Amino acid sequence: MANRAFAPAKVNLALHVTGQRQDGYHLLDSLVVFVGIGDRITVSKADDLSLTVTGPRAAGVPTGPENLVLKAATLLRGDQPLGAQISLEKNLPAAAGIGGGSSDAAATLRALAALWQCDLPNDNGLSLGADVPVCLTAQSCRMEGIGEQITPLPNLPTLHMVLVNPGVEVPTPVVFKGLASKDNPAMEALPQEPSTLGFIAWLGRQRNDLEPPARAHAPEITAVLDAMAATDQVLLHRMSGSGATCFALYPSMEAAAAAAIVLKQTNTDWWVASGQTGSFA
Ligand code: C5P
């Protein structure tokens, strides 16, 4: 019997850096959503733990114990004699600010907890990475602390989105180090049950504090944002996470798909995908 889990792209619609802990980790206030574009995890029972990686973005993905998928499996089984054959279909770019590795780890925890009939880790995977707990929910959330404080936001409107990655890997620690200030204001209070346009107007007043240092490190990000700004009907465009992937919002899936075609045609080496937000756990 095989169990499957979807590992959707995570998008930080806003990401405010509000402080820093003694251990160096940064305190965040972030609005996180998930999009129906992602990796796929399949697990089946086996004597030992093993991992195979397939799919269009498999090149360069490690298959050894350093892969977050195997780290998640090892954390979950603890000292129990459990094994699984794990297959990862890699569709998302790595080190891209859309939670590829964290979402894979979270999907692995979900699939293996079902296969092995065991509980999820007490820390919801925080020890694997700060974004793993929010990826475990795979639904719209406000994320605070370093990533462990999560408030689901079930009433956000569905958003139609294009994601673009210019093919540069931006190391997260480098971007955090480049912050001009680590003490920025938290997000404004979210409107209650907002309309799509009301929500996007609110979002326009929020920020991604990691965007300026990421753009300084990788000027390609500015090229992506400029290209998004020039697309028909774009409502808002911003970088996700620590980059380099950026998102743009549109009033309909048709408008998003049309923008994706234009962006891909004019920049053939960029990774471009369109999809809509939802709940995927
Ligand atoms: O937890 P994760 O491995 O995803 O984090 C990667 C790096 O990003 C950390 O080593 C740290 O430098 C930085 N980080 C941070 N504050 C956070 C999350 C990540 O400083 N809340």
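Glycine is treated like the rest: Cβ placed from N, Cα and C.
What TrEMBL says about this protein:
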ACT_SITE  Lys10  active site
ACT_SITE  Asp131  active site
BINDING   Pro93, Ala94, Ala95, Ala96, Gly97, Ile98, Gly99, Gly100, Gly101, Ser102, Ser103  ATP binding site
DOMAIN    67-132  domain 'GHMP kinase N-terminal'
DOMAIN    206-262  domain 'GHMP kinase C-terminal'
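For the binding-site residues Pro93, Gly97, Gly99, Gly101, the ranking by surrounding Cβ atoms (within 10 Å, all protein chains) places Gly97 first. In terms of DSSP secondary structure, the domain 'GHMP kinase N-terminal' (67-132) contains 31 helix, 6 strand, 29 coil. Taking Cβ-Cβ distances under 8 Å and a sequence gap of 6 or more within the same chain, the neighbours of Lys10 (active site) are Val32, Val33, Phe34, Ile98, Gly99, Ser102, Ser103, Asp131, Val134, Cys135, Ser240, Gly241. Secondary structure by DSSP for the domain 'GHMP kinase C-terminal' (206-262): 27 helix, 10 strand, 20 coil. Cβ neighbour count for Ser103 (ATP binding site): 29 (other Cβ atoms within 10 Å of its Cβ, all protein chains included). Apart from the site residues Pro93, Ala94, Ala95, Ala96, Gly97, Ile98, Gly99, Gly100, Gly101, Ser102, Ser103, the chain places the Cβ of Ala9, Lys10, Leu92, Gly241, Thr245 no farther than 8 Å from the centroid of the site's Cβ atoms, the recorded ATP location.
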